[in-house]
Amino acid sequence: MLKPLWKAAVAPTWPCSMPPRRPWDREAGTLQVLGALAVLWLGSVALICLLWQVPRPPTWGQVQPKDVPRSWEHGSSPAWEPLEAEARQQRDSCQLVLVESIPQDLPSAAGSPSAQPLGQAWLQLLDTAQESVHVASYYWSLTGPDIGVNDSSSQLGEALLQKLQQLLGRNISLAVATSSPTLARTSTDLQVLAARGAHVRQVPMGRLTRGVLHSKFWVVDGRHIYMGSANMDWRSLTQVKELGAVIYNCSHLAQDLEKTFQTYWVLGVPKAVLPKTWPQNFSSHFNRFQPFHGLFDGVPTTAYFSASPPALCPQGRTRDLEALLAVMGSAQEFIYASVMEYFPTTRFSHPPRYWPVLDNALRAAAFGKGVRVRLLVGCGLNTDPTMFPYLRSLQALSNPAANVSVDVKVFIVPVGNHSNIPFSRVNHSKFMVTEKAAYIGTSNWSEDYFSSTAGVGLVVTQSPGAQPAGATVQEQLRQLFERDWSSRYAVGLDGQAPGQDCVWQG
């Protein structure tokens, strides 16, 4: 603990009675007081001059011009803060749009609900950029040659890379925080962008937390947001099933998510260490106890972002696991979840540990409150088959006679004539919906993703019946889930997987 430079003044103690002062005593006392004041004044001036010349070190995490995106180089705040922030917030007219990727050759039923295509949404979001684009991403692989594949389905990713280069050519700042080491060892995307002026930082999460940076979100101009399951990978646009959300014209939420981006950014400098306590400027004012309240297309809405792991949650930030459990705990009617992986264990520790936190929450909701639980899990050629006993165990709790309803299905994307594309053709979504709230995240459901891996979540609640022109966000997400649940690509655990598109064969 730092000691103060000087002690607080203490009132002098005087005797209860004193002899009367003589006139010359008063004069002498006055001269002494004046002399003391003069000495103090001269000393203060000397001290101020001395301190003025001493450079003061920045606080931990303070932004320095050489370390920040170009849009920050004239101060320690993003380009849109603080001069324009208040004015922009007054002009906020928040809008949330669900976005998704449907793999090629995976037709949905005619007239079924759908979200905006992800590739289209990303390109439109970049078209709105005027000052800066900040991207947090697990890895980058936007071109076919990145993985040695020549396939027309990579064209959308290549168009996205070209769009980003065009933004840099228009002097729009691009800052990227990505995980190190990376899965995309042969990708040149970030080198290409850096050569055009992009600022790239690799965050050594393995050294810092023994995890990875698994987040996937954008902050554009401190005003618009994308977040969801999709990586910066061309396969996420055409070969993998994804779901996310774009939020437009919502600077309060965008600048809150920007604080999470900044936690990654400051950890991307050489020899960075995790702080014991994050500085106040990283703190969030929005969380599950005090969410953002605003109008989304005129509809009263509450929303907040969560984050993981706990070490990357400054004061006020709700932990991602806590957000998931809170949404589950508030459900009274149903919990529908779509995730790529479901393990009530660790996935990347040896030996693995049992971790039934989410599993217990689903069981408690179904058994204790009669909540209808549906879990839709992805399966592809790279799926770990040891997941399926856990899924069967969860479904075994179901007992309609006792009003306990737990159903599990496996979503299988047919490989078809796309076998030349590795690590694709899978449901990669990570979302949950209840009658009260929508949760969209970036994490698979196992312990490591919440204890050591960097991820984010978005929790949104809209008032039923407050939107005469359309459904609430949670209703829209429920419709998308039920579309997938009732499709021919969703197979019950008591069924049989068609073809050779999944490691599990029923």
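For all residues, glycine too, the Cβ spot is worked out from N, Cα and C.
When Swiss-Prot is consulted, the disulfide partner of C379, picked from C313, C502, turns out to be C502.
Record source Swiss-Prot places C94 in a disulfide bond whose other cysteine, from C250, C313, is C250. The predicted model assigns the domain 'PLD phosphodiesterase 2' (423-449) a mean pLDDT of 98. Panel annotation: around the domain 'PLD phosphodiesterase 2' (423-449), residues 100, 103, 211, 214-217, 227-230, 235-236, 239-245, 308, 320, 323-324, 327-328, 330-349, 353, 355, 357-358, 376-383, 411, 413-416, 455-461, 473-474, 476-478, 481, 484, 501 of the same chain, lying at least six beyond its termini, place a Cβ under 8 Å from a Cβ of the stretch. Across the structure, N444 (N-linked glycosylation site) and H428 (active site, nucleophile) are spaced 9 Å apart at their Cα atoms. Across the structure, H428 (active site, nucleophile) and N403 (N-linked glycosylation site) are spaced 31 Å apart at their Cα atoms. When Cβ atoms from all protein chains are considered, those within 10 Å of D221 (active site) total 22, not counting its own.
The 10 Å shell around the Cβ of N417 (N-linked glycosylation site) contains 9 further Cβ atoms across the protein chains shown.
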